Amino acid sequence: MAQKRSLHGGANSFKGKRNKRLKASTTSEGSNEEVILHDVRSLLEELKLKDAPTEQDALGKVLPPTPSELEVTISRISSTGDGLGEKNGQVYVVPFTAPGDVVTARVYKHFQAESYSLTDFVKLVTPSQFREGEPPCQYFTQCSGCQFQHLPYAYQLAHKKSVVERAYKNFSNLPASVVPAVGDTIPSPLQYGYRTKLTPHFDGPPRWKQDRRHGAKVTWPEVPPIGFMKKGTRKTIDIEDCLIGTEVVRLGMKRERGRVKEELNNYQKGATLLLRESIERVPADSPDALEIARKQADTVLEERGNHVHVKTCITNNRATSTEYVDDFRLDNPAGAFFQNNSSILPSVTRIMREELLQAQTITTNESNSEPVPKIKNMIDAYCGSGFFTITLSGMFQRSIGIDVSSESIEFARKNAERNNLPRDSTHFIAADANALFASVDTAKFPPAETVVIIDPPRKGCDENFVRQLLQYGPQSICYVSCNVHTQARDVGWMVGGLPGGDAGGSSSLYELESVRGADFFPQTYHVEAIAMLRRKTTMTAPAPAPPAVVSAEALSGEQAV
Ligand SMILES: C[S@@+](CC[C@H](N)C(=O)[O-])C[C@H]1O[C@@H](n2cnc3c(N)ncnc32)[C@H](O)[C@@H]1O
C-alpha cells in the first residue's frame with residue numbers, strides 16, 4: 001500500500017496533461033483518470049446517453065462557466081470514491097456524496113471531450129437514504145482523505161467489492177466467463193484508529209526557493225498549516241488530529257506538531273513528518289517493566305493475554321519499528337514500506353493460508369487427470385521486510401524473497417532468523433524483481449511445486465516480469481495489490497496472454513480461481529485486492545528466460561538459490 005501523499009492528496013492527480021497522455025497510451029497505468037473515464041462512460045451508457053457524447057457532440061456542448069454552482073443528483077460512486085451525477089449529457093464528479101444525494105456543487109474544471117467535469121462539494125440539498133450518522137472527523141469534506149465517513153461500513157465493503165468487479169471488467173481484457181464471482185471484501189476489524197503510519201507535511205514559506213538560491217536564511221512569517229492535502233487542490237490544510245490513526249500515532253501527531261512549531265526556524269523548506277507505531281512486547285507478569293512503560297510519556301499499553309504491547313510513535317526514518325502479526329515479530333526500517341493497518345493482517349494471512357492450502361491439496365489436474373505435485377516452495381516477489389515469507393512460512397519447505405530495497409532485505413533476513421525460519425532454505429535477494437527468475441534454481445524450486453506471491457507497488461508488475469513469470473510457470477500465483485486496476489491488467493496477461501500474443505514460449509496460461517478485496521483503508525476509497533491463479537495445463541519444461549534486465553551491481557554477490 002502506497003502511503004506518501006496519495007491517500008490525502010488524490011485529487012491533484014486530475015491533470016489535463018496526463019489526460020492527453022492517457023489517450024495515446026495503450027498500456028493501462030490504472031490511473032484515476034482512466035478509472036473515472038470508464039465509470040463516466042458506463043453511467044452515460046446506462047442512462048441511454050450512449051450515443052450522445054461522441055467527441056464531436058461533447059465538444060459542441062455548452063457547459064456552465066468555471067467556477068459556477070449547480071445542483072445535481074448523484075447516481076453512483078466511482079471507483080475513485082467520488083459521486084457521479086449527470087446533467088445535460090455531462091457527468092459531474094462530486095466528492096463526499098452518496099447515490100441519491102441531491103447536492104450543490106461548484107464546477108472548477110471541464111473535460112469536455114470526455115463528458116465529465118470536476119467539482120467541489122458545496123452543500124447537501126437532499127440526503128441519500130444510504131447516508132448514516134454524522135461523519136466524526138471535523139475535516140470531512142475538506143481533507144482529501146477519508147471520503148466515506150458518511151457511509152455505513154457494510155456499504156463501504158459492498159462498494160469496494162463492486163470496485164474489484166469493475167476493475168476486472170474494464171482493465172483485465174478478459175471475457176466475463178473466465179473471471180470468477182468476486183468474493184466479499186475482507187473487513188477491517190478497526191474502522192477508525194487503525195493506521196499505524198501517518199505522514200502529515202507542511203510546505204515552505206512563499207519565497208523559500210528564491211531565499212535559498214540567494215543564500216539567504218529562509219524566514220517563516222507564520223507557522224504553516226501542518227496536515228494533509230485539501231480535496232481538489234495542491235494546498236495543505238492544517239489537521240490537528242486524524243481519527244484513522246492509532247491512538248499512539250495520534251499522540252505522536254500532537255507532539256510532532258508542537259515540536260515543529262517550536263523548531264520552525266531550523267527548517268529551510270517544507271517537510272514530511274513520519275509517525276509510525278512501534279510495539280515492544282512485555283510479559284504480562286513483569287510488573288517492573290510495565291511500571292516503567294506506564295511512566296513513559298506518549299505510550300499506549302494494550303493487554304494481549306500473556307503479554308502487554310507497549311506502543312510508542314517513531315518519528316525518525318532511520319529508526320527501527322516493530323510490528324507483531326499473530327506471534328510473528330517483524331522489524332522494519334521505520335521510513336520504508338510496511339503494511340499500515342495491523343488489525344486486518346491476521347485475517348488476510350489466515351485467508352491466504354486457507355486458499356494456498358486449497359491449492360496444495362488439489363491432487364489431480366482437471367484437464368488430463370494427472371497427479372499434481374504438492375506445492376512445497378514459496379517465491380515472495382516484492383517481499384519488503386519479509387511479511388509474507390515469514391507469516392506463511394509454516395506451509396512451505398523452501399522460500400526465496402526479492403525486493404529492490406536492500407535495507408528492507410537486510411531486515412527480511414533478520415526477521416527470518418528471529419522467527420526461526422530455517423537458514424539453509426530461506427533466501428532473500430536485494431535486486432529488481434526482473435532479476436528474480438535468473439536467480440531461481442529450478443531444481444530446488446520446481447515450478448510445479450512452487451507458488452509465487454506477488455505484491456508490487458501501485459504501478460503493478462511490468463511486462464518483462466510477467467513474461468518471465470509465465471516462462472517459469474509456477475503451479476500457483478497469489479497476487480496481492482494496492483491497485484486493483486493494475487492487478488486486473490497483469491492478471492489479464494497471465495490468463496489471456498501478453499500483448500503481442502507471446503506467453504514466453506508456452507501456450508498454457510493461468511486460470512483465475514478467486515479474487516476479492518481486503519479493506520486495509522476503511523473510510524477511504526482504497527481497496528487492496530487478492531487474486532489466486534492456478535496453472536491450467538500439464539507442466540512442461542519452461543522455455544529459457546531472456547536475460548534479466550537489471551544492472552550487474554543489483555545482482556552482485558547474489559547466486560542462484
Ligand atoms: C506493496 S510493497 C509490499 C511489501 C511486502 N510484500 C509487504 O507486504 O510488506 C511493495 C514492495 O515492492 C518493492 N519494489 C518496488 N519496486 C520494485 C522492483 N522493481 N523490484 C523489486 N521490488 C520492488 C518496494 O521496495 C516494496 O517493498
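A Cβ is built for glycine as well, from the same backbone N, Cα and C atoms used for every other residue.
Just so you know, TrEMBL annotations never went through curation; they're auto-generated.
According to TrEMBL, the feature region 'Disordered' maps to 1-31.
Sequence annotations record features per position, and here TrEMBL assigns domain 'TRAM' to 56-123.
Listed in sequence order, the residues of the same chain lying 6 or more apart from Tyr382 (S-adenosyl-L-methionine binding site) and placing their CB within less than 8 Å of its CB are Ile402, Asp403, Ala433, Ile454, Asp455, Pro456, Pro457. For the recorded site, Tyr382 (S-adenosyl-L-methionine binding site), the DSSP three-state label reads coil. The S-adenosyl-L-methionine binding site annotation in TrEMBL covers Gln339, Tyr382, Asp403, Asp455.
As annotated by TrEMBL, active site applies to Cys482. In this structure, Cys482 (active site) belongs to neither helix nor strand by DSSP; it is coil.
Sequence annotations record features per position, and here TrEMBL assigns active site, nucleophile to Cys482.
Cβ neighbour count for Cys482 (active site) (all protein chains, 10 Å cutoff from its Cβ): 23. The Cβ neighbour count for Asp455 (S-adenosyl-L-methionine binding site), using a 10 Å radius and every protein chain shown, is 22. In the domain 'TRAM' (56-123), helix, strand and coil residues by DSSP number 5 helix, 36 strand, 27 coil. Other Cβ atoms within 10 Å of the Cβ of Gln339 (S-adenosyl-L-methionine binding site), summed over all protein chains shown, number 21. Cα to Cα, Cys482 (active site) and Gln339 (S-adenosyl-L-methionine binding site) are separated by 10 Å. Neighbouring residues of the recorded S-adenosyl-L-methionine site, listed in sequence order and excluding Gln339, Tyr382, Asp403, Asp455, comprise Phe337, Asp380, Cys383, Gly384, Phe387, Phe388, Pro456, Val480 (Cβ within 8 Å of the Cβ centroid). The S-adenosyl-L-methionine site in the record is lined by Gln339, Tyr382, Asp403, Asp455, and its two most distant CA atoms lie 15 Å apart.
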